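**Student:** Below you will find the structure I want to go over with you.
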Amino acid sequence: MPDTPHYEQQYLDLMRHIWRHGDERIDRTGVGTRSILGATMRFSLADDAVPLLTTKRVYWKAAAREMLWFLTGDTNIRELVRQGVHIWTDWPLDAYRKATGETIDRDAFEARIIADEGFALEWGDLGPVYGAQWVNWPRYEPAGEGLYRRAEKGHNQIAALVEAIRVTPGSRRLLFTGWNVAEVAQMALPPCHMTYQFQVSNGKLNGLLFQRSCDLGLGFAFNIFGLSMITRMLAQQCDLEPGEVVWQGGDVHLYLNHAALVEEQMSRVPSGAPKLRIKNRPSSIFDYAIEDFEVVDYAPQSHISAPVAV
Ligand SMILES: Nc1nc(=O)c2c([nH]1)NC[C@@H]1CN(c3ccc(C(=O)N[C@@H](CCC(=O)O)C(=O)O)cc3)CN21
Ligand SMILES: O=c1ccn([C@H]2C[C@H](O)[C@@H](COP(=O)(O)O)O2)c(=O)[nH]1
């Protein structure tokens, strides 16, 4: 037995705590959750370590594709669906069904999103979610006579962050956020992984995420991978070594219909030390491709599927 606990033990302990002691209540989706407010976990990124869960298989490539999609500023699911990533389809699908009364299934809806650009424009957009805010946060400029107009190009928080890490590594303002108060109402879902902050310490880059709402059974595995991936990409672009990631949850919950997943996962023992390799160094943070990433030494236990609350 190793003398230090496996990094994933924090996750399993939190899961057990919430399942046993969380407040049970009806949430927005109507499914019901057990929930607590406030939790922190820390994971090392040293030597390419990546905090993938090992007690179930995590489809990290879907999470990586989602992260790369955010960085393009795209908010339409079409490109994700083209790449075989289905994690955002349920929200536009739900809106479409409600608006039209059609009983189209998910596969047929996705096929139509891919085949028909006009349909995708009309029904595939999530509103000004993550990507829009990260790289194109609306900016307004004077238009004369006391009037203002929306500037063609918004703030690119990610480009500014790379520059700031390089030029002012001692700064305590190295962050970006998706929580644009003025636009939250237009989003299919207000950002959950809402604020990312970075710190340079001893030549290492540390990354922190504040996640206001966390589906611990489903979303967390993707969110912690995404945090690790963006921290690694920023470190590479800024010639820093990866340090650690700190995850902070606001409302951290387990959906009541995830009982089978929770019981199964809590019965499993984490093992192994997966690594995330970045095989190239693109010329900017916006030029990474899925082929640049590789996970090695990942031998998880079997996948556990669970329904997503819409
Ligand atoms: N209830 C809820 N939980 C979430 O985690 C979540 C939302 N809603 N809404 C927006 C996004 C979409 N995200 C999702 C949605 C679905 C999966 C999911 O079904 N994951 C499965 C299969 C993944 C796959 O097929 O690639 C998993 O086992 O991880 C994960 C993240 C994260 N977010
Ligand atoms: O990246 C994500 C996105 C979403 N979630 C979860 C958290 C909640 O279960 C729902 C969002 O519902 P709200 O009512 O808007 O809080 O999606 C996640 O864990 N990770």
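Cβ coordinates come from backbone N, Cα and C, glycine included.
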**Student:** Kindly point out which candidate in Asn180, Asn202, Asn223 is recorded by TrEMBL as part of the dUMP site with Arg28, Arg172, Arg173, Arg212, Ser213, Cys214, Asp215, His253, Leu254, Tyr255.
**Tutor:** Asn223
**Student:** Of all the recorded positions given, Cys192, Ala309, which residue's CB has the most CB neighbours within 10 A?
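**Tutor:** It comes out as Ala309.
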**Student:** Would you mind reading off the Cα separation of Ser213 (dUMP binding site) from Cys192 (active site, nucleophile), to the nearest angstrom?
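**Tutor:** So the Cα of Cys192 (active site, nucleophile) lies 5 Å away from that of Ser213 (dUMP binding site).
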**Student:** Among Arg28, Ser213, Asp215, His253, Tyr255, please name the binding-site residues whose Cβ is nearer than 6 Å to ligand 1.
**Tutor:** Asp215
**Student:** Those recorded positions, Cys192, Asp215, Tyr255: which ones have a Cβ sitting under 6 Å from ligand 2?
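**Tutor:** Near the molecule: Cys192, Asp215.
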**Student:** Given a 10 Å Cβ-Cβ cut-off, pick out the one of the binding-site residues Arg28, Arg173, His253 that has the most other Cβ atoms nearby.
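**Tutor:** Output for this query is His253.
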**Student:** Based on the record's binding annotation for dUMP (Arg28, Arg172, Arg173, Arg212, Ser213, Cys214, Asp215, Asn223, His253, Leu254, Tyr255), what whole-number value in Å is the widest Cα to Cα distance?
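**Tutor:** The widest Cα-Cα gap among those binding residues is 36 Å.
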**Student:** How long is the line from the C-alpha of Ala309 ((6R)-5,10-methylene-5,6,7,8-tetrahydrofolate binding site) to the C-alpha of Tyr255 (dUMP binding site), rounded to the nearest angstrom?
**Tutor:** 8
